[in-house]
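**Q** Here it is, the structure in full.
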């Protein structure tokens, strides 16, 4: 099991790191690595589901609370990493400001994420995950869409405000939903649950960055440098819509009494 998952993730990450441009998709070496990686990961899933003592207990995803929390955390990770890639391009290439303003915009996000993360944790304990996570996703999605709709003459202050809203949304949804998902697991499974959450976030976020980079290159190659603002906007808008698609997961998150009724044998190998 370990050999399969290590080979699958390793080959997939190597292939992703080699895809700097669209032509890399046609490279036989990259295609072969992706195919072998997928085959290894599929084999890993089959092997782990058949073992009495699996390396990673994939049956944790049978628990609705954990499954939904991973989906939301993955989507928010995609949004965070996409923003880290796109924001410097937006601020420096489209709006024409120097890099210090990019750093200040990111500082706005970090500050508000920390501030609202504390409040989100308290709200999670009092009201459960549904409302607080849904509000966080809504704030993150709206601010991301708004970043994609900025024009070249937008003031840097508008970017700061939108990044503050993004930070507030992350603080209300990212860590609270991760905590709620781990709370849905039997105590012996928490460590494995945290590991799978982390792996899922890293893998999907890496793939999303590659896809965004390939899209940006495709738009620049077909329409030239003049397409840079519209290409950046398109990726921001697509990311915002993806975040909105995660809203039903927050609404369907099990309540405290539903989590308490989860059957321990749902995660036990058969």
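Placement of Cβ uses the backbone N, Cα and C atoms for every residue, glycine included.
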**Q** Suppose you had to name the range TrEMBL annotates as transmembrane segment; which of 32-49, 50-67 would you pick?
**A** 32-49
**Q** Examine the ranges 11-30, 131-150 and name the one recorded by TrEMBL as transmembrane segment.
**A** 131-150
**Q** Between 100-119, 131-150, 156-178, 230-251, who has the most Cβ pairs under 8 Å to the transmembrane segment (70-94)?
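**A** Between the stretches 100-119, 131-150, 156-178, 230-251, 230-251 has the largest tally.
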**Q** Using Cβ atoms and a strict cutoff of less than 8 Å, what residues sit near the transmembrane segment (131-150) while being 6 or more residues removed from its termini?
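**A** Those are 72, 76, 79, 83, 86-87, 90, 94-95, 116, 120, 123-124, 158-159, 162-163, 165-166, 168-174, 176-177, 180, 232-237, 239-241, 243-244, 246-247, 250-251, 253, in sequence order.
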